[in-house]
Amino acid sequence: MAQQGSGYQARYKRILLKLSGEALMGSEEFGIDPKVLDRMALEVGQLVGIGVQVGLVIGGGNLFRGAALSAAGMDRVTGDHMGMLATVMNALAMRDALERANISAIVMSAISMVGVTDHYDRRKAMRHLNSKEVVIFAAGTGNPFFTTDSAACLRAIEIDADVVLKATKVDGVYTADPFKDPHAEKFDHLTYDEVLDRKLGVMDLTAICLCRDHKMPLRVFNMNKPGALLNIVHGGAEGTLIEEGEQ
């Protein structure tokens, strides 16, 4: 059930939360861990309970990895379409978890799937958000060659979100992969241009440029840290903030 706020003023009115498909695997090697879904539903419910409007984009890497098949000769467009279907499956699972927690949610797909999801319509999405429903955007942008990170940034801009929150397995952006390099240092704050110049690999080039060109702040944080999401929305300094540099 959506929990009521504890009296703190939320810093953001509307957010776009980007989850990787791999995040839904939990400790499994493939598929969806129901415990992870339930935990994410609880955390999203806390945000709804304090009046924050939540849009969600989920990747599909836990169900389908197109890179290996593409390398083996599969047509890239076909692989990308299969990846879009994987994101729809994840979106349906997340909607189910939210509804079981008594949180109203709707899936809007960029590709038409009559009887399964609603088709994406910006004006309808805005109305659902204003009605305190969680809107889960599925099937990426609906076009091949675009990542779900790009889709998340695009949807955030379209719905006039205050920030993109990218949930990862590490607590921010580092100079190198902290799992491989024990000397990697964490950044608390970066500009879009610094991310591009340093080739930090936070998101793909298209996604970062979209955020930069439309002045959309981006925060990268560790989704496995209890309370991190709520802390960010209350103005806490979790992870790494990426935004426009000073002119």
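Glycine is treated like the rest: Cβ placed from N, Cα and C.
Feature annotation from Swiss-Prot assigns ATP binding site to LYS18, LEU19, SER20, GLY21, GLY61, ARG65, THR168, TYR174, ASP177; the stated evidence is sequence analysis. Under the DSSP three-state reduction, GLY61 (ATP binding site) is assigned to coil, being neither helix nor strand. Counting only residues at least six positions away in the same chain, the Cβ atoms of SER20, GLY21, GLU22, ALA86 sit under 8 Å from the Cβ of GLY61 (ATP binding site).
The feature UMP binding site is assigned by Swiss-Prot to GLY60, ASP80, THR141, GLY142, ASN143, PRO144, PHE145, PHE146, THR147, THR148, with sequence analysis given as support. Counting every protein chain shown, the Cβ of GLY60 (UMP binding site) has 26 other Cβ atoms within 10 Å.
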Rounded Cα separation (Å) that holds between THR147 (UMP binding site) and THR168 (ATP binding site): 16
Cα proximity to THR168 (ATP binding site), best match among binding-site residues GLY60, THR141, ASN143, PHE145: GLY60
GLY60, ASP80, THR141, GLY142, ASN143, PRO144, PHE145, PHE146, THR147, THR148 excluded, remaining Cβ within 8 Å of their centroid (UMP): GLY83, MET84, GLY140, SER150, ALA151
Intrachain C-beta neighbours of LYS18 (ATP binding site), sequence separation six or more, cut-off 8 angstroms: LEU56, VAL57, ILE58, GLY59, THR148, ASP149, ALA152, VAL164, LEU165, LYS166, ALA167
